[in-house]
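Below: the structure, in structure tokens.
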Amino acid sequence: MAAAAGGGACPGTSSSEAGKSSLCQGCPNQSLCASGAAGGPDPAIQEVKDKMKMVKHKILVLSGKGGVGKSTFSSHLAHGLAEDETKQVALLDIDICGPSIPKMMGLEGEQVHQSGSGWSPVYVDDNLAVMSIGFLLNSPDDAVIWRGPKKNGMIKQFLRDVDWGELDYLIIDTPPGTSDEHLSIVQYLRAAQIDGAVIITTPQEVSLQDVRKEINFCHKVKLPIIGVIENMSGFICPKCKNESQIFPPTTGGAEKMCQDFNITLLGKVPLDPQIGKSCDRGKSFLSEVPDSLATTSYRKIIQRIREYCDMHLSQEGKDA
């Protein structure tokens, strides 16, 4: 349902005037609404639900602000969970306009192949699969200039048509904000039971004010919040070991915000220049720099997320 082309209010998909009103002239969804198809439930919701029965845990990674390290954390969460070779892990990149996961996972230039069972994801290891629109572009420099309905269609395809197989964890890396991609992923996965969202921020107020919007979004769409991670939380000099606050928490940082909203602070990850270097090389920082304080923080956070998911699965079993 789009805003009416003439500037007036859209009559709505359930109205007898849907697609027929003069207000509908020029709307890209006019023919769909006029046919009556727009008012019914999207059949893809049930199709995605059936597909997701093979996925134990579904985790969204969100941020209010861009550039706070959301995709960096998503990639390291995937690497960390996949270190247990008995677990099958997948990372889905739905940042349609800024797909950075192929680069971070060392998969630039890889392509998606289609088989009788759907699109085949690209594998980092035998137990770590990745899917991104970045694999469908001719060049990593190509711009994706799409409106909401086309983004929605691509996310639907990723969830319904990718041959994920049986998974223990599906991590979904989202773009910043509370836009089309977020509404689509929640719509399609709500019936399939999302474990919850991990929200990434940095300590300064300019980031926190957008994260508060993200938290309110989660509350409005009834998306559980696993917790918040404060990225770039101080910098420890590798030589003198003194700590500096590159982004000072002028309003108390993520810790104060989590107290205000009564949500969990999963942990704080300090700045480490090696994190960016590992991502640029498409390597796991966790294995490349195992003794870093940032690695220790990542591992504690990943363990807390793992424990949350186990508890969520146990609760689902009781409710069933």
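Residue numbering: from 1, along the chain as shown.
Backbone N, Cα and C atoms are what each Cβ position is placed from, and that goes for glycine too.
Computed from a predicted structure; not experimentally measured.
Over in TrEMBL, the protein carries these features:
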{"type": "BINDING", "residues": "CYS10, CYS24, CYS27, CYS33", "note": "[4Fe-4S] cluster 1 binding site"}
{"type": "BINDING", "residues": "GLY64, LYS65, GLY66, GLY67, VAL68, GLY69, LYS70, SER71", "note": "ATP binding site"}
{"type": "BINDING", "residues": "CYS237, CYS240", "note": "[4Fe-4S] cluster 2 binding site"}
CYS240 ([4Fe-4S] cluster 2 binding site) versus VAL68 (ATP binding site) - Cα distance in angstrom: 26
Binding-site residues: LYS65, LYS70 - member with fewest neighbouring CB atoms within 10 Å: LYS65
Chain-mates of GLY64, LYS65, GLY66, GLY67, VAL68, GLY69, LYS70, SER71 with C-beta within 8 Å of site centroid, ATP: SER63, PRO176, ILE200, THR201, THR202, SER207, ASN231
When distances run from the Cα of LYS70 (ATP binding site) to each of the binding-site residues CYS24, CYS237, CYS240, the nearest one: CYS237
For the binding-site residues GLY64, GLY66, the one whose C-beta sees the most other C-beta atoms within 10 angstroms: GLY64
Among CYS24, CYS237, CYS240, which are recorded as binding-site residues, the nearest neighbour of GLY64 (ATP binding site) by Cα: CYS237
CYS237 ([4Fe-4S] cluster 2 binding site), number of other Cβ atoms within 10 Å: 9
Candidates CYS24, LYS65, GLY66, GLY69 (binding-site residues) - the one closest to CYS237 ([4Fe-4S] cluster 2 binding site) by CA: GLY69
Sparsest-packed among the binding-site residues, when each Cβ's other Cβ atoms within 10 Å are tallied, from CYS24, VAL68, CYS240: CYS240
CYS240 ([4Fe-4S] cluster 2 binding site) versus binding-site residues LYS65, GLY66, GLY69, SER71 - nearest by Cα: GLY69
Neighbour tally for GLY67 (ATP binding site), based on other Cβ positions within 10 Å of its Cβ: 12
Number of other Cβ atoms within 10 Å of the Cβ of SER71 (ATP binding site) across all protein chains: 28
